[in-house]
Structure formats: structure tokens, C-alpha cells
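Taken from TrEMBL, the feature compositional bias 'Basic and acidic residues' covers 517-526. If you look up TrEMBL, you'll see 494-526 marked as region 'Disordered'. Here TrEMBL flags 7-25, 45-64, 85-105, 136-156, 176-201, 221-243, 255-278, 312-330, 342-365, 385-413, 434-452, 458-482 as transmembrane segment.
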């Protein structure tokens, strides 16, 4: 029987206290989290921007460096999953519900209230998609990648336990086995619970929004509770079946449903506009990525508030999800080289996300311009279904979307229970089912409490709060990873060696002249 670590009991106690606070004093809980969130975004926005930018730069450095040839595992280890299945698993775990929830809503919101343009204009369309690409692009996946890379490297190559604390051994030494290591793992587990619970709350709200828009079912906390309970039962069944069965099949199902929905909306929507905006925005994104990465608007309160509400929120969201997604991606990435891993994690999901937002964002803006009803004033979870309402086959599209949200919901929660089980059983790669089920119930209850105590605002506040302490751990993980990789680079002799220079061959006319000169030289008598 696998042992349960103290991290399990400490984190579970913290979660229960937070749940009790939210359940019995929801108004106080909402006010307290809002105040803490406001302080963090106001005081530490600059820190989030710099940290995430440094992470992206570090990932690019590792791709082009000779270090990229190092394998995540022993020299003869090879990937356990095919590239297509691997990509489906990391994408489903990494973005999941968020893509469906924000796919139409975020570009539409930026179109109506853009950061650097007048709302409702052509320039606002460009701004809306450019910032959406920015929020869901390589910065988000860079955060996931660096956590996953550190975990995979130390677990599979250095035979360390699959714990966040174990990645810090090069800089903390044996302290990772003591109270410091426990604190690090508790922060990782707590951030995971809050991050996943927040996403589950978004998913329940959007499923409810779709059912309400289609069938008139009330959009309230009672219906959302029923949705969470039903989905919890489903993902527990998946969690019980194990990683190679449940999550693998669900991830592939996700991809089939996502591709089907994407193609249908692409064909039924403003196809030419989608292609043109995708191309134009991709170029604008690459051209402005540096300025967007560091833009904090210190002298413009309105713009600063927008950045806090969107960019800082997203960086915190990705950070709070990174222990969960990072551990999961690491678990399914054994045998790949660092270069292959980073290119796969950084670029492919980003490009798919870009096209997804181009399709759904362009369609939402097109509907907003064409119809008399202002769909931007709908609840966020209802916007996608309002976009479908202007297309042929509305009901079919909505059913596919609800099914996709449901499978993403199950995949995310299933993956999270697996990861939480690993982190609270001393890094076991096969945690016992009762531990996974305990965390499954816990994260579902947290999602319900957050919805009950303040809806989507409470979800966002909790994310930003949970992300701050773990962001410090990510910075330490980068330093620790670089120290270990640099040492191994020297041991393996991985350097960019200059090509040896070939001796210059004399040109024919110079050789001929040299022979003439030798012939003309006077011979000396011995």
C-alpha cells in the first residue's frame, strides 16, 4: 500500500478551512478575496510580466542550445505515446474548457472595450484578436513547459521523485526532504486545487449557459451544482480506470469533437474574414510581442485596470494551473528530447489556439456587427451559443459544444486527480484510487463554493491569490534546472564546436606564376 505524505493532510486541512469560510460566510469571503486580489494585481503586476517573459526567453534558449539534445530519460528511453496522442493529451489538459469558454467571448469583449483603440472599430477588431493570441500563445505554454520540463528531467533522467520540491535539489540540497520541501509541495497542491476548481466552475457555468440558451433551463447555482455532481461521478469513473485508458481515450475524443466543431464553424462562419484576420493577426502578434509582454501602463489608470483584469489574470491562471498541467505533461513525455519537447509544447498548441480564436472570435464579431441584438451584453457563458444562433445547424453546433465542454471538464478533473494523487503519495507514478477520488471530491466542492460565494469574480480572485506564492517556486525551478543542465552539458561535452578550417588551395594562376618565379631564380652552386 502506497504511503500518504503529510502534504495530503496539510493541504486537505487548508482546503477544508477555505471551503468552510466560503460556505458559512460567502459575502465576507468574496470581499476578502477581492481585496487581496486587488492588492496583488496592483503591487505585483510588473513581477508577473517580467517573470513570464523570462520563462519564454529561457525556453527559446534551451531549444537553440546544444542542451536541447538531452533526452528526458535514459539514453535508450523512447516516447511511450505517439506524437498525435501526446499532443491531444497535453492540449486537452492544458487549455481544455478555457478555449470553449473564452473562444468567442474574449475577442468580442476586447472588440467592444479594446486596450488601445476605440470600441467597435476596425482597429478594435485587430486589437481584440492580437491580445487574445497574446494571452493564449507561447507565454501560457511557456509556463507549462518550464514546469513540465523540470519535472520530467529530474524524475526520468535524475531518478528523483515526481514532486515539485525534488526539482529544487540542485539549489536546496537535502532540505527538499524536510519542512521546506513540504511547504513547496503544499503550495503546489493548493495552487492545483484552486486552479482546477476555477476551471471546473467555468465549465459548469458554460454548460448551464448552453442549456439555458437552448432549452430555457434556469441559469443558476442549483443547476450548476447538479452539473458538477454529474461530471464528478463521470471523471471519477475515468480516474479509476487509470491514465492509459481513461485520460488517453477522453483526450482523443476531445480532439475529435474540437476539430469537428472548429471545421463546422469555420465553414458556416465568415470563412474568408477568418483566414484574413488569422493571417494579419499572426503577423501583428509577432511584430508586437515584446511590447505586449512588458506593457503595464503605469501612467494610465484605465489601461492599467484592463491589463490587471486580463493579462495579469491570465498569467496568474496559467501559473496556478502549471503544477497540475506540468506534472501531467511530464508524466506523458518520457523519452523525448528537450528540443522536441519544447517545440511540441510551445509551438503546436499555440498555433491551434490562434486558429481557434480566429474562427470563433471572428464569427462572434461578425454576428455582433450583423444583428440588432448586442450579444456582448450576454453572460460570458452564453456568448458562444448566441454566435451559433446566427448559423445553420444551431442545435447541432450547440450539442457538440456542450459535449466538448463535458469531455474537457472530465479530462481536466481526471488529470488533476491523478496529479494531486502523485503529489501527496511521495511522487508515486501510480497513486492509489482512494487518494485520487478524495481529491476529485475536494476540487469539485471548491468549485461549487467559489460559484456560490461570488460566481466568476470569486473564481478569478482565487486564481490570482493562489498563483503568487507558486510563481516564486517557478523562478527557483528555472534556476535549479539551468544549474543541473549546465553541469550535464559540461559532462557530455555539448558545445557548439566551430567547423575546422580547410587549408586554402592556391588558385591556378597564382600557382603558375609561382612556378615561373622559381624557374627565373638563379641557381646557387654548392
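Positions of Cβ are set from backbone N, Cα and C atoms, glycine also.
Unlike curated entries, TrEMBL annotations are predicted automatically.
The shown structure was predicted, so the numbers you read here are calculated from the model rather than taken from an experiment.
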>> Please report, as numbers and ranges, the same-chain residues at least 6 past the borders of the transmembrane segment (434-452) whose CB is under 8 Å from any CB of it.
In response: 2, 4, 8, 12, 15, 18-19, 22-23, 26, 193-194, 196-198, 200-201, 204-205, 221, 224-225, 228-229, 231-232, 235-236, 239-240, 413, 416-418, 420-421, 424-425, 458-459, 462
>> Take the C-beta pairs under 8 A between the transmembrane segment (458-482) and each of 7-25, 45-64, 136-156, 176-201, 342-365. Which stretch has the highest count?
In response: 176-201
>> Do any residues, 6 or more residues outside the transmembrane segment (255-278), come within under 8 Å Cβ-to-Cβ of it, and if so which ones?
In response: 88, 91-92, 99, 125-126, 129, 354-356, 358-363, 366, 387-388, 391-393, 396-397, 400-401, 403-404, 407
>> Before we move on, state whether the transmembrane segment (45-64) and the transmembrane segment (385-413) share at least 3 Cβ pairs under 8 Å, counting only pairs 6 or more apart in sequence.
In response: no
>> Same chain only, please: residues at least 6 beyond the ends of the transmembrane segment (342-365) with a C-beta under 8 Å from a C-beta of the stretch. Say none if there are none.
In response: 59, 62-63, 68, 83, 86-87, 90-91, 94-95, 99, 103-108, 111, 125, 128-129, 132-133, 136-138, 140-142, 144-145, 148-149, 258, 262, 265-266, 269-270, 273-274, 277-278, 281-282, 285, 329, 336, 375, 383-384, 387, 391
> Hey, which bits of the same chain come close to the transmembrane segment (176-201), Cβ under 8 Å, at least six residues off its ends?
Replying inline: 5-7, 10-11, 14-15, 96-98, 163-166, 168-169, 228, 231, 317, 319-324, 409, 412-413, 416, 419-420, 423-424, 439, 442-444, 446-448, 450-451, 456, 459-460, 462-463, 465-467, 469-470, 473
> Among the recorded stretches 7-25, 136-156, 221-243, 385-413, which has the greatest number of Cβ pairs closer than 8 Å to the transmembrane segment (312-330)?
Replying inline: 136-156
>> I need to check the long-range neighbours of the transmembrane segment (136-156): which residues 6 or more away from its ends have a CB within less than 8 Å of a CB in the stretch?
In response: 52-53, 55-56, 58-59, 62, 70, 72-74, 77, 90, 94-95, 98-99, 102, 162, 164, 166-167, 169, 285, 293, 314-315, 318-319, 321-323, 325-330, 333-335, 338, 341-342, 345-347, 349-350, 353-354, 357, 427, 474, 477-478, 480-481, 484-485
